[in-house]
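Peer 1: First, the structure itself, so that you have it in front of you.
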């Protein structure tokens, strides 16, 4: 059950990419420390929501074990993470959608709670992590009432989550450059380098 002290949110785990840096392998299903990457995220976020969504474009039968429901891009050409965010916003049951990439297993509960607590301060605006001054839109918290504005930007041809969220008044949770919790393990080398880290 979700923590009642935090605002109710749906959570979207993005696992819909082509995995180009992994030689075409499905990143969310690659093992790290004995479990698929998606399993690490599932274990972390499951207590925070009763509406866990996974965006995936293949291996749906395997991802189903880690989600309350699955969504897929409405285009078959892997149009990028904003497509998954749109799909998540379309089905989210709560006022907020917490967005996370499937290949960041080192993010921790404390950071997610900081992001969720920020929601109470400006309920009309999206929040993103900003690491060393760099916006990280795939670690974001989006009010679901902004779905139509995001859809409008998509129809205008914008495919960048950062470009779409910033004009909506996005706020930042500031982190130091190189914060290891945001490490995307999206190449074989990064997976190997982080394999022994807890």
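Note that Cβ sites are derived from N, Cα and C of the backbone, with glycine treated the same way.
Feature table excerpt (Swiss-Prot):
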BINDING   14, 15, 16, 27, 73, 103  GTP binding site
BINDING   103  Mg(2+) binding site
Peer 1: If you draw a 10 Å sphere on the Cβ of residue 103 (GTP binding site), how many other Cβ atoms land inside?
Peer 2: 27
Peer 1: Across the listed GTP-binding residues, 14, 15, 16, 27, 73, 103, what is the farthest Cα to Cα distance, given in whole Å?
Peer 2: 18
